[in-house]
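Annotated in TrEMBL:
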DOMAIN    537-587  domain 'Cationic amino acid transporter C-terminal'
TRANSMEM  62-83  transmembrane segment
TRANSMEM  95-114  transmembrane segment
TRANSMEM  121-140  transmembrane segment
TRANSMEM  185-206  transmembrane segment
TRANSMEM  247-268  transmembrane segment
TRANSMEM  327-348  transmembrane segment
TRANSMEM  379-398  transmembrane segment
TRANSMEM  404-423  transmembrane segment
TRANSMEM  475-496  transmembrane segment
TRANSMEM  508-527  transmembrane segment
TRANSMEM  539-558  transmembrane segment
TRANSMEM  564-582  transmembrane segment
Amino acid sequence: QALHRFGQKLVRRHLLEEVFEFNIGIKLSTLDLVSLGVGRTVGVGVYFLANEVASNQAGPSIVICFLVAGLTSMLAGLCYAEFSARVPHPGSAYLYSFVTIGELWAFITGWNLILSFVAEAFIVVRAWTLGFEILFANRISETLQESISQYVPQVFADNVGYFFVGFLFFFMEVQYVEWRGFFRIFEVFTLVKLLVLIFFIISGFIKGDLHNWKLTEEDYVQAGLNGTSRLGPLGSGGFMPFGFQGLLRGSASCFYTFIGFSVIVTRVKESHNPQRSIPMGIVVSLLICFLVYFGVSAALTLMVPYYQLRPGSTLPEIFLHIGWVPAYYVVVIVILCNVFVYASWSFTYPIRVVIYMMAEDRLLFPVLTRIHTDTNARIVFTVIFVTIAAITVLFFGLTDQLDLRSVGTLISYSLVAFCVLIVRYQPERRNRGNEAQVQEENGPAAEKLTLQALFFPDSPTPPGSPTPTPLSGRVVYVCSSLLALLLTLLCLVLAHWPGLLSGDPGPITVVVLLLVLITGITGVIWRQPQSSTPLPFKVPALPLLPLLSIFVNVYLMMQMTAGTWLRFGVWMLIGFAIYFSYGIQHS
């Protein structure tokens with residue numbers, strides 16, 4: 001009985017009547033939501049990440065990396081879109097998990113969101129510092145280093161610019177005042193950002209050379225290159241110089257650039273017609289972002305041979321390569337303005353919101369609710385956060401922070417897809433009273449689970465309109481959990497078993513067995529009755545699309561480095577210590 005009660009605590013679900021609500025006080029049209037999604041998605045990553053991926057991970061095939069990352073985000077976006085129609089409350093993956101699959105998974109999702117937002121804030125600090133560096137040709141860091149290096153340790157002298165920008169962001173946070181007109185300023189800067197990137201794309205097609213996509217070994221010899229990258233040899237030329245493994249690693253890195261569209265689902269109360277405008281805003285904004293990234297990466301690799309891209313360089317430096325110096329400075333200034341506007345929208349705000357929601361639910365300590373409601377507590381939180389950010393950037397590079405941000409988000413996206421798979425096959429659940437809960441607990445006792453019932457479930461309703469039962473809902477829950485485990489094992493085998501591509505019968509046999517099991521369990525889920533609740537938008541091709549989303553997310557996570565997983569593991573251990581020592585007893 002104690003074990004049963006413990007298990008029930010882990011899967012107890014949130015009632016929508018008790019959900020935290022927040023409102024920015026303005027009404028948003030579908031166009032506003034698209035602008036919001038594009039503005040938050042096309043962020044600092046496109047300026048600083050493209051060169052890194054093209055130079056030592058993917059080469060010209062970076063365009064395919066963005067395609068893979070975009071399709072991955074689109075699958076997640078479809079799942080978010082259904083939930084925004086099904087749960088018309090402002091929230092995130094944390095809320096969706098809590099109302100669908102229970103408390104433990106909600107805590108994992110919320111804790112990962114905090115990690116993602118913290119990493120994002122660190123990335124913004126580093127990005128603005130890099131923007132100043134390239135604007136003044138590194139004279140800032142050189143001058144500061146020469147003047148203070150004799151008084152402080154070398155590691156602090158080398159990174160003093162990050163402390164400067166960190167404290168600048170601190171003062172922005174303290175003086176942050178939310179006003180309605182800022183959203184219109186945000187839209188204007190989003191338009192300017194898109195125009196600058198379109199100019200970059202047009203420049204690439206004017207100054208580009210298709211030969212840069214068909215490089216040969218003679219080109220490397222003539223350039224005097226015999227170095228190596230961390231993925232292996234520099235490459236033998238062609239469109240994919242680093243091979244399929246480089247393409248996958250590049251896709252995992254490029255995924256970061258599509259993070260941000262989920263901000264749209266936090267604006268349910270501000271939208272005129274949330275059931276329609278939220279799904280449309282997500283899909284259209286992701287499509288625009290993909291087209292922009294595809295064009296930018298194509299222009300980049302056409303203008304400059306990928307081996308001439310210096311790791312750590314930025315997108316505007318391409319204009320120096322082709323001799324367009326004025327364009328270089330214009331793009332740098334636009335970068336700084338966009339990062340400033342991005343950060344001015346309180347770059348610790350999403351962190352505070354998630355912490356507040358979890359503290360309100362007593363999954364975290366209730367005193368943490370004050371960081372969102374009390375001005376003095378918010379200032380103290382900002383001081384602590386900026387201090388941690390300034391120290392953290394000393395020890396982790398930009399790529400490390402990008403990977404950490406991507407891992408946390410990929411896990412959240414996977415859980416949202418899992419939630420869609422679960423909730424579509426569950427019986428109708430009411431918020432008021434305990435009637436549905438009693439039905440779920442007592443219903444399966446009246447039904448008998450047989451092998452025939454798995455593939456041909458009986459339904460008490462007339463033929464042609466089957467509805468989920470408590471038993472069928474639990475069957476889907478168990479089968480979905482097994483599928484998540486099997487898909488993870490399949491990704492591990494595909495990503496890390498070296499004998500697979502060489503035709504070794506061992507890994508091939510394992511893959512075939514896993515595929516047979518996955519196909520059979522997917523067939524069981526497919527045969528179960530779905531909810532007939534009408535919604536403005538539903539994920540098509542259930543259960544295949546959510547399962548495909550989970551598979552792609554997990555496979556991209558397998559491309560992350562061991563260091564990223566070590567940092568992520570430490571973060572999760574801290575979270576589980578908090579949850580099992582406090583949250584599970586007080587929520």
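Glycine residues also receive a Cβ, built from the backbone N, Cα and C atoms like all the rest.
Bear in mind that TrEMBL entries carry predicted annotations, made automatically and left uncurated.
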Could you tell me whether the transmembrane segment (62-83) and the transmembrane segment (539-558) have 3+ CB pairs under 8 A, leaving out pairs under 6 positions apart?
yes
Cβ pairs under 8 Å with the transmembrane segment (404-423): which stretch of 95-114, 185-206, 247-268, 508-527, 564-582 has the most?
95-114
Take the transmembrane segment (62-83) and find every residue of the same chain, 6 or more past its ends, with a Cβ under 8 Å from one of its Cβ atoms.
50, 53-54, 93, 96, 247, 250-255, 257-259, 261-262, 264-265, 278-279, 282-283, 286-287, 289-290, 293-294, 297-298, 300-301, 413, 416-417, 419-420, 535, 537-540, 545-546, 548-549, 552-553, 556
Cβ under 8 Å, sequence separation of at least 6 from the ends of the transmembrane segment (475-496): give me the contacting residues as numbers and ranges.
101, 248, 414, 418, 421-422, 425-426, 449, 454, 457, 507, 510-511, 514-515, 517-518, 521-522, 524-525, 528, 543, 547, 550-551, 554-555, 557-559
For the domain 'Cationic amino acid transporter C-terminal' (537-587), DSSP counts of helix, strand and coil?
39 helix, 0 strand, 12 coil
